[in-house]
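Q: Checked Swiss-Prot, it gives:
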BINDING   266, 268, 278  Zn(2+) binding site
């Protein structure tokens, strides 16, 4: 697979915390950003296979929306253990947002990769989830992937944050009561873009929606047989939902595209009450509460970039 490597601008955690504190204040009534020790992510509500998101951090964007839209390209299937090798970090802990491995599932779905990949020292562990619209009633059906399937596949497109999965210092972001127009991730990403300009900064990690509800979507199980050539057509195809806290979210975002046709932000989420999908924004600005832990990425790996591209279907 073709792979392009790019070095991000990596400010200190203290500087990033200061920048995010100022930017988030324009969008939330209560904001507290600080540098802390990463909480133990093996514990609830995260239940990840590793304790942290630190060590040799990188972002990988694999494939892209043009492999899904306007019509699906079913040749575009991937393996997360192989992706870990591509990004020069076998054994990496990978989290993020992507399309479910239809090659195994037999249908299309939203995918929440949470994987400690294989290395010489340990077997891989798959903590991933997938969400689909229940064929019976159209409601969300969230399942843990490894309870049914032994592989480490994904497909079409994925935005991934990878690390050694180590404990360490991270940026903690608390934000309550949204007063602005932007969602939590967009606000952070745009704050970084405004401050750092042409020096791209990449970040990933996890955040909780502790209170409130969010607008989400789940792709249909059947790929579209007719061309979807606009955001309007895509939105008519998608299934939209309102889902309630507590939600565990897996954000990946980049402040500015260095010319690699990136999806600048992409967040999927799961929960322990059967809801999961693609995060758009909260629908309860007065009561919403976010708590997140983030780490800056050192490198970007653009894997299997589509040669023919377009700008729709990336919300």
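Cβ atoms are placed via backbone N, Cα and C, with glycine included.
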Q: Once 266, 268, 278 are set aside, which residues in the chain still have Cβ within 8 Å of the Cβ centroid of the Zn(2+) site?
A: 97, 98, 110, 112, 159, 250, 267, 269, 277, 279
Q: Check each residue in the chain of residue 266 (Zn(2+) binding site) that is at least six apart in sequence and keep those whose C-beta is under 8 Å from its C-beta; list them in sequence order.
A: 96, 97, 159, 251, 252, 253, 278
Q: Relative to the Cβ position of residue 278 (Zn(2+) binding site), how many further Cβ atoms are located within 10 Å?
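A: Its Cβ shell of radius 10 Å holds 23 other Cβ atoms.
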Q: Long-range neighbours only, meaning 6 or more apart in sequence with Cβ under 8 Å: which ones does residue 268 (Zn(2+) binding site) have?
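A: 96, 97, 98, 110, 111, 112, 249, 250, 276, 277, 278, 279 - these are the non-local Cβ neighbours of residue 268 (Zn(2+) binding site), listed in sequence order.
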